[in-house]
Structures are given as structure tokens and as C-alpha cells.
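Notes for the one structure printed next.
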Amino acid sequence: MCPKPKLYYFDGRGKMESIRWLLAAAGVEFEEEFLETRDQYEKLLQGGSLLFQQVPMVEMDGMRMVQTRAILSYIAAKYNLYGKDLKERALIDMYVGGTDDLMGLILMFPFLSAEDKEKQRALIVQKATSRYFPVYEKVLKDHGQDFLVGNNFSWADVHLLEAILMVEEKKSDVLSGFPQLQAFKARISSIPAIKKFLEPGSQRKPVPDDKFVETVRRVLCMYYDVKAN
């Protein structure tokens with residue numbers, strides 16, 4: 001039996017959360033080692049485990065993988081969540097890339113000042129409702145299928161649901177003008193593996209708090225102010 005994938009990151013969302021989501025969607029159990037001190041991080045660096053001196057890192061199938069997109073692509077391909085051919089894979093890559101752009105606005109949110117958080121919250125909602133959600137609403141409406149690509153559950157669906165829930169944390173009724181996405185959210189959330197991941201006690205991480213921010217700053221020696229766009 002192959003060992004479970006092992007995830008090296010902080011005890012919080014950040015860039016690792018999408019990896020947790022995708023593994024959970026694939027029904028794959030995983031272990032985690034949380035970075036809490038600078039010494040832990042330095043040990044990984046000195047051991048040569050962090051190819052580009054960054055986390056996330058995932059140990060899986062005899063590899064130590066870094067670079068979030070590479071890790072996600074590998075998991076999606078391994079567990080048949082990456083389409084049936086090159087055309088479907090290209091669509092999945094496009095949709096995931098768009099969703100990533102939206103999620104990038106949210107990932108920096110915990111590190112902002114109180115004033116900048118309010119500006120960023122408004123920007124997140126504005127971008128979601130005017131640029132990103134309309135695309136997925138149209139895709140679902142035009143092809144009339146349950147999923148974004150090829151009427152098969154894929155990485156694109158997992159990524160979009162994660163993003164929807166993140167934006168709803170900033171504005172609970174953000175989907176009020178998007179009936180297709182409301183139905184999509186309900187469908188994907190009811191898939192057994194996803195439903196399990198959304199239940200209390202799973203390895204899904206909560207909204208980042210001050211403790212998470214301080215841990216990241218301490219481990220990465222990141223003691224400068226992050227500015228909103």
C-alpha cells in the first residue's frame with residue numbers, strides 16, 4: 001500500500017487549501033505537517049526539499065513536489081479529474097486559471113490592514129460578479145450540463161466551488177443574480193466526497209485568522225505591510 005500524501009504547509013488555507021480540496025474530491029486521505037517555526041522551514045531548505053525555497057510541498061508517489069499548479073495538475077491527472085482529451089484539458093486549464101485570478105485577490109486579504117481589507121472586500125465582490133461569475137454562469141447555461149467541462153466532474157468544478165464559498169464569506173448573497181451557479185453550488189456540494197470535506201471536523205481549514213497571519217509572517221520572516229491593489 002502506498003503511503004498517504006503528506007502536505008507541508010501552515011495550519012491554514014493559503015495556497016495549500018486548493019490541494020486539500022482536490023485530494024478530498026478524489027477521495028484521497030492525506031497527512032499534514034504544519035510549519036510553526038522558522039527552524040522547521042530552515043530544515044526543509046537545508047535538506048533541499050524546497051526546490052524553489054517555497055511551500056506548499058507535497059510528498060506523493062515517491063516525489064517531493066512544489067509549485068502549486070504543478071501539484072494540482074498531477075493530482076487532477078492521476079485521479080481522472082483532468083478531462084478525457086487535450087481539448088477538455090485546455091478548457092479545464094482556462095477555467096482554473098480564471099478562478100485562480102479571483103482567488104488570488106482573496107488569498108492576500110488576511111494580510112491587509114483594516115482599511116485596505118474593506119477596499120479589497122469591495123474589489124473581490126466587484127470582480128467576482130462582473131468578470132468571473134458571469135463566465136461560468138454562461139458556460140453552464142449554454143451547454144446545459146451539470147459540470148463545467150464535458151459533463152464530467154473535474155478539477156474545474158472543484159476549484160470553482162472553493163472560490164464561490166470563499167467569495168460568499170465576503171458577501172453571503174453574492175450568487176443572488178446567478179441561478180446557474182446557485183444550482184451548480186448545490187450539485188457539487190452534494191457529491192459525497194465534497195460533502196464530507198465540507199462537514200465539521202474535516203481537514204478543510206477555516207477562514208484565516210490573526211494567528212495564521214502571525215505564524216506565516218514569523219516562519220517566512222515576512223514583516224512588511226501588504227498593500228491592496
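FYI, residue positions are counted from 1 along the chain as it appears here.
Positions of Cβ are set from backbone N, Cα and C atoms, glycine also.
Caution: TrEMBL annotation is automatic and unverified by curators.
Per TrEMBL, these features apply:
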DOMAIN    3-83  domain 'GST N-terminal'
DOMAIN    85-209  domain 'GST C-terminal'
*Provide the three-state DSSP residue tally for the domain 'GST C-terminal' (85-209): helix first, then strand, then coil.*
87 helix, 0 strand, 38 coil
*When DSSP states are grouped into helix, strand and coil, how many residues of the domain 'GST N-terminal' (3-83) land in each?*
32 helix, 16 strand, 33 coil
*Pop the mean pLDDT for the domain 'GST C-terminal' (85-209) in here, whole number is fine.*
96
